[in-house]
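Q: Once you've had a glance at the structure underneath, I'll fire off some questions.
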Amino acid sequence: MNNQRESESTTTNGVQIRQSRRLPDFLHSVNLKHVKLGYHYLITHLLTLCLVPLMAFVIFQAFQLNPSDIHQLWLHLQYNLVSVIICSAFLVFGATVYFMTRSRSLFLVDYACYKPPSNLQVKFEQFMEHSSLTGDFDDSSLEFQRKILERSGLGEETYVPEAMHYIPPRPSMAAAREEAQQVMFGALDVLFANTNIKPKDIGILVVNCSLFNPTPSLSAMIVNKYKLRGNVRSFNLGGMGCSAGVIAVDLAKDMLQVHRNTYAVVVSTENITQNWYFGNKKSMLIPNCLFRVGGSAVLLSNKAKDKRRAKYKLVHVVRTHKGADDKAFKCVYQEQDGAGKTGVSLSKELMAIAGGALKTNITTLGPLVLPVSEQLLFFSTLVAKKLFNAKVKPYIPDFKLAFDHFCIHAGGRAVIDELEKNLQLLPIHVEASRMTLHRFGNTSSSSIWYELAYTEAKERVRRGDRIWQIAFGSGFKCNSAIWEALRHVNPSSNNPWQDCIDRIQDPYSEEVVACNKIYTYNSIPTISFLVSQA
C-alpha cells in the first residue's frame, strides 16, 4: 500500500479512532527562510567547497613523493635558476606594490553623544503654549503644529535650546554660539575622557553644521577651546543637510589615508537657536516640530595599535548626490516666505525624491556588501524581466543577510516607515531609529550616532557584526557608512541612554509601543502629503 495513504484504526472506550500515517506536508512545514539561508551559505562558500577537494588531492600527491622524486625536482629548479629568480622578483615587486598602495584600515576608537540638561526638555503642551504666546502664529498654524507633534513619533523628553524657552524667544548670534559650544564641547569632553586622548594628539578635525556658520568657524571654536596644535588640519562643512555626518567621516577617511599615524575627530551637530521659523507657511513649520538639540563627536584613527581597543572598523562609505535634478535640489530649501521670514521649506515630492536617492545608493552599495547568493537572485530576475519579458516581480535583495544592525536617520516617522517597508526589515531592525526619534527627536546628522549608542546600550553588538548607517540630506543626498565591530561592544561611560535604557529593556514596554504606534487621522488640505507622512 502507498505509505502516503496508509492509516490504521484503534478502538478506545468503544470509539474507533482513525489515525493518519501520511507523510508530513513539507511544502507548508519547512520554513522557507531557513531554505533561503541554506542557499545563501552554499553559494557564499561555494569556492571554498570546490577548493577543499583540490587541496586535498594536492596534499595527497605530495605525500606520495619519494626521495628520488624530490631530488629530480630540485635538479629541475637548479637548471632553471633564471626563471626562478625572475618569478621571485615579480612576486616581491607585486607584494611591495600591494602593501604600499592598499588603503589603510580606519578604526573608530570611540564616540560620544551630547546629552542636554533636563531643564531644556520641552513637552508638547509647553511647546504649544510657547508657540501661542509668541503671537507669530495664527490659529491654523498652531493647529497644524499640534497635529504634526502628535503624529511625528517624538516623545515628551526632547530638547530645544535655552533661547526657545523664553517668552518671547530670544534668538541671537550670542545665543546661537552658546548652543553650539554647549553641544560640541559637551560631546568632546566626554569623548576625551573616555578615550584618554589629549587634544594635542588630534591631527585632523572635521566639523559639520548646516545652518549655523559664524566667523570664526565652529572648527575654530574647538581649536581655541582645546588649544589644538598649530598644524591641525581643520575643516568646517556647512549647508550639507542631515547626511553631512557621513560626508564628514568620508573626508576624515581620505585625510587619514594621506597622513600617517594620527587621529581625526568628527563633530556633527545642528543649530536651532537662529533657525526657528516664526511664520505661517505650512511647509516651513514642520522643521520646528521635528528638529531638536543634539550632537556627536567621533574619534577615528589609522594607527595599527588602536585596533586592540577600537570599537569598529570602517568598511565602506557610499555617497549619492541627486543635486543635478532641479526638483531634488529644491526639495529641502532655505528661503524667505512672503512676509520675509526665513525658514527651511520641505517639498511635497520629498519622500519620492528620497526614495530615488535611496535606490541609487543601495544599487551602488549592494555589490559591495551583499552575498553572492543575493546578487545571483537579483541578476537572474533582472535577466528574466529584460530579455524574456517574464512577468516577475523585481527581486528586492535581503540586506538582513549583509547587515546585523541598521541606523536609519531619524528624520521623521515617514522615513523610518518607508525604509522598513521597502527593505523588508523587522521591527527590531528599526527599533533604534524609532527610539532615537522618540527620545531625542531629529538631531540631524548626529542621529545615526544616537541610534548606534542605543544598540550598544541594549548590548546587541557582537564581534564581527556589521552596522549600516544611512542618512538623507538636502541637496538632495543619500549617504551610507558601513562599520564592522572588532569586539563585543559595551556602552561607553556617559552613554546618552544610560538613564532610561532600563525602562525600555522589554521590546514590548509601553515606551517602545508608544514609539511604534501607528496613528490614524484625517489629512490636512495644505501640503497634505507631508502631513500624512510626518
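Yeah, the Cβs are placed from backbone N, Cα and C, and that goes for glycine too.
Note that TrEMBL annotation is computational and uncurated.
Relevant sequence annotations retrieved from TrEMBL are reproduced here:
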type	residues	note
ACT_SITE	Cys242	active site
ACT_SITE	His321	active site
ACT_SITE	His405	active site
ACT_SITE	His409	active site
ACT_SITE	His438	active site
ACT_SITE	Asn442	active site
DOMAIN	98-387	domain 'FAE'
DOMAIN	404-484	domain 'Beta-ketoacyl-[acyl-carrier-protein] synthase III C-terminal'
TRANSMEM	39-60	transmembrane segment
TRANSMEM	81-100	transmembrane segment
Q: Using a 10 Å cut-off, grab the number of neighbouring Cβ atoms around the Cβ of His409 (active site), all chains included.
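A: Result for His409 (active site): 32 neighbouring Cβ atoms inside 10 Å.
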Q: Just give the helix, strand and coil counts over the domain 'Beta-ketoacyl-[acyl-carrier-protein] synthase III C-terminal' (404-484), going by DSSP.
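A: In the domain 'Beta-ketoacyl-[acyl-carrier-protein] synthase III C-terminal' (404-484), the DSSP-based counts are 38 helix, 21 strand, 22 coil.
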Q: Of the active-site residues listed here (Cys242, His405, His409, Asn442), which is spatially closest to His321 (active site) when Cα positions are compared?
A: Cys242
Q: Which of the active-site residues listed here (Cys242, His438, Asn442) have a Cα atom within 10 Å of the Cα of His409 (active site)?
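A: Qualifying among Cys242, His438, Asn442: Cys242, Asn442.
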Q: Count the other Cβ atoms sitting within 10 Å of the Cβ of His321 (active site), across every protein chain shown.
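A: Neighbour count, Cβ to Cβ under the 10 Å cut-off: 18.
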Q: Only counting partners 6 or more residues apart, tell me which same-chain residues put their Cβ under 8 Å from the Cβ of His405 (active site).
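A: For His405 (active site), the qualifying residues are His429, Ala432, Leu452, Thr455, Arg460, Val461, Asp465, Arg466, Ile467, Trp468.
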Q: Which chain-mates of Asn442 (active site) that are at least 6 residues away have a CB under 8 A from its CB, listed by sequence?
A: Cys242, Leu290, Phe291, Arg292, Ala410, Gly411, Gly412
Q: Inside 10 Å of the Cβ of His438 (active site), count up the other Cβ atoms and send me the figure.
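A: Counting Cβ neighbours of His438 (active site) within 10 Å gives 24.
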